[in-house]
Structure formats: C-alpha cells, structure tokens
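Following: one structure in structure tokens, then a few remarks.
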Amino acid sequence: MLLSLNYHTVRSKRPLILGICFVLLLASALLALLTGAYPISLSEVVNIILSKFGLNLIEVPDEKMAVLWTIRLPRVLLAILVGGALAVAGASLQGLFRNPLVEPAIIGVSSGSALFAVIMIVFSGTIGWQLQSIMGVFALPFAAFIGGLLNTFLAYRLASKGGKTDISILILAGVAINALSAALISLVIYYGDDNAIRNFTFWSLGSLGGASWTKLYIAGTLVLLSSVIIMSFPRSLNALAIGESEAFHMGVNVQKVKYVVLFFSALAVGAGVSVTGAIGFVGLVVPHLVRMVLGSDHHTLLPVSFLTGGILLLVSDVLSRIIVAPAELSIGIITAILGAPFFIYILMNFKQKRITV
Amino acid sequence: MITANGIHFCLKNRPILEEIDVSISSGELAVVLGPNGAGKSTLLKLLTGEQVCSNGKITINGEAIESLKTNELAKYRAVMPQHSVVNFPFSVEEIVGLGALSHDKQTRSSQLLEEVMKLTQVEAFRHRMINELSGGERQRVHLARVLLQIWEDKPFPRYLFLDEPTSSMDIAQQHLVLSIVQQLKKRNIGVFAILHDLNLAAQYADKILLMKEGNIRYSGSVQETMQEEKLTEIYGHPISVLPHPSIENALLISSEALVNNKQYISFKTA
C-alpha cells in the first residue's frame, strides 16, 4: 500500500482529512465551472457568484452570467451531490453485504431506478399521472426509488442466507437483474416518443447534461437527506463488518440498520438516477480507494467517500466535456473506463488473498 | 443467574432440542460437551437470545430474555461465535474497540480496552490488520472484543458465551484462553463454553453438561460426568478415563484399539 495511514492518525486527524477533501472538492468544482465551450475566467466566476449575494464588484456580460448560473453551476452541484450519494450508497451497501465488491450499478439498484424512471416518463399519461397528482415533482424520483429498492431486495434475497451473502451469487444476480432491467428499459422506450424520453444511452450511461435548478432542488434534497441519514450509522456498520450475529450480540439492532441502509441507499441512488441516469462504478471505486488510504472505520469512510465521490464525478464530467469537445460524452463512459479496470484489480486481489466469503 | 426451563426448539418440525433445563451462575464455568449435531450450538443461540425457543422460559438475572432489548442484552452477556470473518481492513485495536459499542460511558472504555488487550496478549500486534493474523491470533482478538463488552464491574452478574473458542489454537494458546476464562469468575462473570477437547474440559470446568441428540443426558461436576461409560455413550466411541500421572486430574484418551476391548463390546450390546 503506497499511501496508507495509521488508523490512529486517521482518528485524531479526522477534521483535517475532511478539510483537505473539502478543499479538493472546491478546487474540482472551480475547474468544472471554468471548463466549457464558452470561456469564462476565474474572476468572472467569482464575480457572478458574489453578485447573487448582492456584491457587484465588476460587471459581467449577461450571457456569461446565464451560462454560468443556469447551466454550469447547477450541473456542478448536481455532480457533487450525485457523486457523493453514489459513493456513500456504495460504501454502506458494501458494509451491509460485508463485501467490497458490492456497488449500486453492479447489483442492479441503478438499473432498477432507471427502469422505473423510464416507465414513469413514458406512461405519464396513465399511472404516472395519478402518482404525479399526489406527489408532484417528487413522483419521478419516487418511482426511481421504488425501482432501486425492488432490485436491491431482489439481489439481497437471491444471494443471502442466514445473514451471510454469497458474493458470486450476488454478482451473478446483478448480471441477471441488470440484463432484465436493460431489456425492459429498451422495451418501454419503444412506447415513448422523442419528447417524452431522451434515449437509452442517457439511462444506461448517465449524463449531467440536463441539470437545472429545479432538478437540483428535488433530487438534491432527497440525495442529501439520504446520505446524511446513512452517515449517522457508522458504529453499527463497523459492527456489521464482523458479522450480523456478532453485531447483534454487541447490541446493534441489526434489522433496523439493514432496512435503514437498504432504504436510504435506494433512495439516494434512485433520486440521483432520476435526474442523471445510471452512472456506474463511482460507488465501487471511491469507498475502496478511501479504505486503502484511511482504513475501514465508517466514521471516516462515509463522509470522506461522499466528498471524494463528488470530486470523482466532477472530474469525470470535465473529462466528458473536453475529450470530444464541442460534443459531449456520456459520463458513464468515463466512470466505466476508470472503474472497470479497478473492479478487475479488486477481483484479482480477492483471488490472491483467497478470501472466502 | 441464567436459567432455562423446559426449552424446546424445532427446525422444520424436527426437534433439535427437547425439554432442556439448564442454569449458569456467575463465577461458574459451565462446559458443554457432545458429538456434532447434538444441539450444542442451538442451545447457545437460545440462551444468548439469538434465536427464540418454541417452548419454555429463559431468564437472565431474573428478567425474561424476550423482554430485553438488543442493547440491554448486550450489557448482560457477550458471545464469541465459532468463526468471525472480517472482510475489510480493520486494525486489531479497532476490532477490540467494537466491544465497547454497548457501553454507556465511552470515557472508561479506553482504559478497559488496555486491560483486556493485556490480558489476552494481543497488545503486541494491536496496530496490525486483522486479516494479516494467524487463526489463533484472530480468535484471541475476538476474545478480547467480547471481554471488553462485559469487562466493566457492574452491580449485576454478566455472562460470557464461547462457541469452541480454542478451535484454531495450539495447545499453549488453548490453555492461555482457559486460564483467562478462569480469571473471569472473580469478576462476577459466569461462563458457558462449548468445547471439543475433553481434557481441557476436565481440567477447567466447574460443571459439565453432556449432550446428545438434543438432550442433556448427564450433568454435574467433573467427577460425576467424566466417566468412561457416560462419555462412551455420548460420543458413541470408546473413551478411557485414567488418572493423570503427575497432577490430580483425570486424563481422557481414546483409541480405535479399544473398540475390540471386551468391556466396550459388552457395554454396546447391553
């Protein structure tokens, strides 16, 4: 391990570590705000943001103002929240399944969310309309949440017996669930018109292109809320790392923690997917990297994963916008190029250590 | 005191435990012996509250086990399962520290942590990662963890449940564990242990329960239970009890050669 810190240092320096991650997050956010077809300088970015708080130092052209405020800033904030939520969901699901290979996209949470979001949009005239009349703008993220929850439970039921999860069955269950969800998404899209639905690529590979303040308010609130709730169970998740019955013996209400984590990680992923599509591998790569450097204590792992997830998605978004500029890549292409080799690396490590799960 | 009266447990309508009465007092080491499948682990699961019995009543310090919440139960008893697999890189100290999860005041926990790590001799590798340790070292780390949970002196007795705590240990480590367990008696802790090694049991136990086919066939002191006929019946395998040559203790040996022993055959046909 190149850069692993003693867990003692980690515990005593937690505020410093979080501070460093936060600064890195701000730096990546700034980079993302500066990148794009339309050039906006650093001082202009600062001035536009300050002007929204009533501080007009220098005049910035209205066009630049519009590009930054209505397009880039919500996109950046959405990247932070969705990236953070995917990473926290990944970290907590890994803790719950007691396995570092679990990831929302791999076990099918994301594709379930995408499927239900697509159904909601395409059939908005029938089922969707009723849901929308009750839940308003929250109908779409709610549908995505139900889809994600359904697939999470399905994967869990298929792979778990007596509190132990068989990881090979879990991964295979994920393959089957993902294949079925993808097929159903394509099928549902046949019934939709071009206005109702963007395309299959959006749902399967994700994009931050559609970010707006409205979407940010709706999905962002749900995503942030779920992440914060998951982050409030670090001790129980630590205990679960030893085993479900061990955690029970140590005084943890295992059933409650299990349901809270499953529920809110599905909500976080579902709300995220409903506005960005299914973005893979963030929930796998980020917690694993954090564990390599800072250890497995969920007190540190969860908040650092949130910040690092935000950084990873911001950087991936910048890459997706400059590689084929002026066109744009789906962000999932970048995260998969980074994440899939990483997944193979973890698998090889697993094989080497002969960890039986 | 933990008492169980007339407990009964079925799995898919097949009885695993039938009409069992058992009690564990503080300051006592009760050892359960018996062949695989006798229901030892199931009995442990019922007594620790992990599973609920279909009939009968279990009380801990006078309170019915089903009336206690998970975190209240954790203050009364700690449990060390047979195998605990940790799939993430946690340090030894972090694993032991998890035992303090149910403590009310976390302030005293760090001092208690030092005490149990010293007692179990894991402090030498406290900073190492748990997955780098040998099987015997890992078991000691988990022993330290479960000890920390009930280590603090309380006005009520606490209990420790051990499911084959010495299974991956060499002979020196086995005796280390049992001698640690003996020291718990004076801390107002009662111990319930499942063991496979008859000699360890004979040397350390205060009370022995011999189980077979979901029943406790014999129970009592070492002298009362560690007898050739009883052990041979329980295990379905010839076992001889000899006096230990140098200490005042029974020595238990078993050999295939004994199968041809006339005495055993006569017992078997009787």
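Cβ coordinates are placed from backbone N, Cα and C, and glycine is handled just like the others.
Note that this is a predicted model, so its numbers are computed, not measured.
Residues A:105-127 are the range that TrEMBL records as transmembrane segment, among A:36-58, A:105-127. Packing against the transmembrane segment (A:73-93) from elsewhere in the chain are residues 25, 29, 32-33, 49, 102-104, 107, 109, 152, 208-209, 211-213, 215-216, 219-220, 223-224, 226-227, 230-231, 233, 237, 261-262, 265, 268-269, 271-272, 275-276, 279, 282-284, 286-287, 290, 298, 301-302, 305-314, 317: each is 6 or more residues past its ends and has a CB under 8 Å from a CB in it. Beyond its flanks by at least six residues, the transmembrane segment (A:168-192) meets 97, 99, 101-102, 105-108, 111-112, 114-115, 118-119, 121-123, 151, 154-155, 158-159, 199-200, 203-204 of its own chain at Cβ-Cβ distances under 8 Å.
Among residues of the same chain six or more beyond the transmembrane segment (A:212-233), those with a C-beta under 8 A of the stretch's C-beta atoms are 70, 74, 77-78, 81-82, 84-85, 88-89, 92, 137-138, 140-141, 145, 257, 260-261, 264-265, 267-268, 271-272, 274-275, 298, 302-303, 306. Tertiary neighbourhood of the transmembrane segment (A:259-286): same-chain residues 78, 81-83, 85-93, 95-96, 101-106, 109-111, 113-114, 116-117, 140-149, 152-153, 156, 202-208, 210-211, 215, 218-219, 222-223, 225-227, 229-230, 233, 237, 305, 308-309, 312-313, 330-332, 335-336, 338-340, 342-343, 346, selected by CB-CB distance under 8 Å and a gap of 6+ residues from either end.
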